[in-house]
Amino acid sequence: MSIALLDIEGTVCPITFVKDCLFPYFSKQYPSYLRDVSFPIDKSDGGLADVLAGFPKEAVASIDQLKNHIDDLVARDVKDPVLKSFQGLVWKEGYAKGDLKAPVYEDAIAFINRSKSVYIYSSGSVGAQKLLFSHVDVNGASVDLTPKLKGYFDITTAGFKQEKDSYLKIAADIGCDPADVIFYSDNVLEVKAALEAGMASKVVVRPGNAELSESDKKSYECISSFTAE
C-alpha cells in the first residue's frame, strides 16, 4: 500500500493523552477566554465570537449557559465541530507556551519518518491535528513532524469516521483509488467502514485501548506496533 491514513488517539499516541491531558487542560483554561466575550453572542462581533456563535442560540445566551453547554459536551465526548474548533484555539496557546507536548509512540514516529505518503484522519479538528504533530515529545524536546505529513482530514472535511462515505471522500480528495490506501485505527467500527469503502485497514492495539472481542480479533487484522508496517 502506498498511502497510509492514520487515526490519532489510541493509534499513534496513547488514548489517555486526549482524555487525561488535552480535555482537562481545555476545561481548566477555556473560561478565561470567555471574559471578553459579550453575551448573548453575536457572530458579527468577530474573533472568538465567530466560533462560539456556531453553538445553539440558547447555549450562547449567557456565560453560564455556555459553560454548562461546553462542560456537557466535553463530559459526553460529543464530536461537536464548534467545540473542536474552540478546543483547538485553547490548545494552540497551550502548545505555544510549552504546557502541552504530544506523546506520540516511538514506532509511530519512525513509521511516519520512513513513509512517503502519510495522511491523518481524526475527529479532532485539522487545526488541532497540526498542533499535535508540530509539538511531538521526543525525550523532552518538542519535535515537528508536520513536514512528513501530506494532509489532514476531520469530521468537517471528510465526515464521521464510522461512515463508509467518509473514506470514499478522503480517497477522492487525495486523488487515488480507495484500494491504494491503508487506514489504521483502534476503533473497530472505523476499520469496518474503511474496509467497506474498499481500503485496506488494520486495528491498532495499544495499552489502555478498549478490549477487542474474540470475534473482532478473528475478523480484523490487528497490530500492536508500526515497526513491521
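Keep in mind that glycine also has a Cβ here, set from the backbone N, Cα and C atoms.
For the Mg(2+) site that Swiss-Prot gives as Asp7, Glu9, the extra residue drawn from Asp186, Asp216 is Asp186. Swiss-Prot annotates Ser122, Ser123 as substrate-binding residues; of Lys92, Lys150, Lys161, the candidate listed for that same site is Lys161.
In the three-state DSSP classification, Glu9 (Mg(2+) binding site) falls within a strand. Distances between the Cα of Ser122 (substrate binding site) and those of the binding-site residues Asp7, Glu9, Asp186 are shortest for Asp7. Distance noted between the C-alpha atoms of Asp7 (Mg(2+) binding site) and Ser123 (substrate binding site) is 9 Å. The distance from the Cα of Lys161 (substrate binding site) to the Cα of Glu9 (Mg(2+) binding site) comes to 13 Å. The number of other Cβ atoms within 10 Å of the Cβ belonging to Ser122 (substrate binding site), over all protein chains shown, comes to 24. Within the same chain, residues at least six positions away from Ser123 (substrate binding site) with a Cβ under 8 Å of its Cβ are Lys79, Lys84, Asp154, Ile155, Phe160, Lys161.
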